[in-house]
Amino acid sequence: MRTVPTQTAAKLGAAAELFAENGVDQTKIEDIAAATGIPKATLYYYFTGKEEILAFLFRDVLDRVADEVDIAVQSDRPGAVRLAEVIRAQLRVMAEQPAVCRALVGELGRAGRIPEIAAMIHAAYYQPVQDLLAEGVADGSLRQVPDPGSVAMALFGAVTISALSYLVTDQPLDEERIGGAVITTLLDGLRPR
């Protein structure tokens, strides 16, 4: 895939809306061209097809999650506080990209077959959270868990499903409300006893 110019990438949010409403299989490249204002030839210049457009949108969201998670992880606060910030960061990105997240629900199987997406989730979220869990144990704000990798996956899943439960029903994603509930539930289970 060629590097997509910023102006073109900015217009692809309309494709996410189509994917969320109709699914990838029911969306034609002509529909994407009409909704985005990007000529069909230009779409084919940058993408091999609509599946690659979907993958591009997923990668964009994961890049944003990675950036936000990195900011949260890099602070000098205790591990538990930084973990709460990671959760809020993920929710914030999802709230900013509701159509892409709704498309993810309908295309979860397809997304799971894109190996680079799995690798990006690992690098953007699982690994930093695993490192953060260890740092939280070291600073006394979190307890030791037997399998940090599984805990990182569980956190990602809990936050993702909580957010998607709102987004698929077109309810606004209130980062503070959902974040507070998820953080209380998850972190109280991770605090030292």
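Along the chain as shown, the residues are counted starting at 1.
Glycine is treated like the rest: Cβ placed from N, Cα and C.
TrEMBL: automatically predicted annotations, no manual curation.
The feature domain 'HTH tetR-type' is assigned by TrEMBL to 5-65.
The DNA-binding region annotation in TrEMBL covers 28-47. If one looks beyond the DNA-binding region (28-47) by at least 6 residues along the same chain, the residues whose Cβ comes under 8 Å of a Cβ in the stretch are 1-2, 4, 8, 11-12, 14-15, 17-18, 22, 53, 56.
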Structural state census, the DNA-binding region (28-47) (DSSP three-state): 15 helix, 0 strand, 5 coil
Stretch-averaged pLDDT - the DNA-binding region (28-47): 97
